[in-house]
Amino acid sequence: MAQRIFTLIFLLWTAVGTPQVAASSFGQKLFGNSTTSRFLPVDGAFAFEFQQQGNQLNLRWDIHPDYYLYRAQIKIEGNGATLGKVELPQGESHNDEFFGQVFILRDRLALAVPIEQAESGATVKVTYQGCADAGFCYPPETRTVPLSQVLATANTDSPINTLSGQTAPPQTTPMPFSPWWALLIGIGVAFTPCVLPMYPLIASLVLGRKEQLTPRRTLLLSMTYVQGMALTYTLLGLIVAAAGLRFQAALQHPYILIGLSVMFIALALSMFGLYTLQLPSSVQTRLTEWSNRQQGGSVTGVFCMGALAGLICSPCTTAPLSAILLYIAQSGNMLAGGGTLYLYALGMGLPLILVTLFGNKLLPRSGPWMQYVKEAFGFIILALPVFLLERILGEAWGIRLWSALGIAFFGWALMLTLSSKKGWMRGVQLLLLAGVVISAKPLQDWVFPPTGTAQTHTSALNFAPVANIADLNSALAKSPQPVMLDLYADWCVACKEFEKYTFSDPAVQNHLSRITLLQADVTANREEQNALLKKLQVLGLPTIVFFDTQGKEIPGSRVTGFMNAEQFQAHLQKFSP
């Protein structure tokens, strides 16, 4: 009797439970297992760790094989903290059909973030994004890292490794150019029309005496004059860098960077002759009188003359000097600030040393070429706002700005050579023309994108937009047909491949004509979009979700990763009416 009761219970359970299980199993077999399992969750693909060691924050990603991070999408921002410069590895070049040449990072990524100052409760926001080689891309991932308090002291440039007890090398903010470039800039400024003709006069004032001096004495006096001038410039560099270090956090603000860029552009325009920048004439006259009172020929007098000469800025030196000072202030690097200005002054003084030793015969003849040197420095100064604006506008716009600057410089140089009759100049003109063409390539690709490059999101299908969970629920409730929800983002390469190769296929479009089409664009990564992705349990893109007429997701029908037109059509035939 008991055995019969047990058999009856078993048959009832089978009758009730088996259809559901069977239906689910049938759906799995019919549509194939959900392809979500093909891809790892974001924490499995990019395992992220962090550790603060004194005033250094160490970030680490363990990147799973066949996955990669986009170098340009790694962003680190401090909240209540001032962070130093973070150097990212170059990565490997990756040619993408839709985004062009990009750099990606594989295997492992370790970054050391200098913390110059951190308030109590400060945090660091770390954003990163990556994809799988199979074409599956993850939304931008943001992690908030808490920081321990770090006081802004003179020792904050030397992070202490609390694990080993060893002091790491000082962390400084690197400048875009080596300070040694300042030496070449100083030499170049010496050959501008406001400076070069003055060297014979300055040489006579430095030597002072009419009797013949020994070469050693002449070299000593000229070097003393240059060192006096260099001292003034070095002190200016140290003062400005110290001020910049104190207000470095404010100087990183976008509005400040834009203001500095405008000032650099104004300084560059003065080098092109649009207007003149110099000290007020009354101040220059007084400084000149003080300089003339010094006794030429004596070491002390010549040193004072050089120190005062460093304050007398001619129209040709004001703009380059101001540009260097502004950039030093923005970098906040005292060592580089003082050294850069010293080398700049030394470069300006080298022609003077040669004139005092060998006379005027070593100086080139004056001519229009000196004005060309001055204008060339205008282009050099224009490079500085590009460096600053690139931080705000991003890498893509930075390349376009460099492109525009390259076109302007090579075009200007080409125009200067057109009047030359010399045969060898034709080769120079060809090189300059090639420079114009190469520089124009990024702008050309932006204005006239190559075939296959999508500048705006356009679809071959007529999707109804869905912005959030409420929109999706409303659309599902109203639709008398099955529903296909396409989750799209501009940063998703495979999403663009779906648009170009799959949704444009006539057979696919014919099947989809009997289905309500919805699309959620999650490019902006807003909170409501993230909530939608979380509700649908979407790991990454592309993801396409199918719902039945009751608004329920059809088991096993979800698509993750790219499918070509033939594969997608076969998938649709399994459940489309």
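Every residue, even glycine, has its Cβ placed from backbone N, Cα and C.
Feature annotations, courtesy of Swiss-Prot:
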SIGNAL    1-23  signal peptide
DISULFID  C131-C137  disulfide bond
TRANSMEM  182-202  transmembrane segment
DISULFID  C194-C316  disulfide bond
TRANSMEM  225-245  transmembrane segment
TRANSMEM  255-275  transmembrane segment
TRANSMEM  308-328  transmembrane segment
TRANSMEM  338-358  transmembrane segment
TRANSMEM  369-389  transmembrane segment
TRANSMEM  396-416  transmembrane segment
DOMAIN    437-577  domain 'Thioredoxin'
DISULFID  C492-C495  disulfide bond
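Features as recorded by Swiss-Prot, highlighted on the structure.
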residue	record	Cβ neighbours (10 Å)
C131	disulfide bond	24
C137	disulfide bond	20
C492	disulfide bond	25
C495	disulfide bond	28
Secondary-structure category, per DSSP, in which C492 (disulfide bond) falls: coil
The transmembrane segment (225-245) and the transmembrane segment (338-358) contact flag, 3+ Cβ pairs under 8 angstroms: yes
Overall pLDDT of the domain 'Thioredoxin' (437-577), taken as the mean: 87
Residues of the domain 'Thioredoxin' (437-577) by DSSP state, where helix covers H, G and I: 56 helix, 23 strand, 62 coil
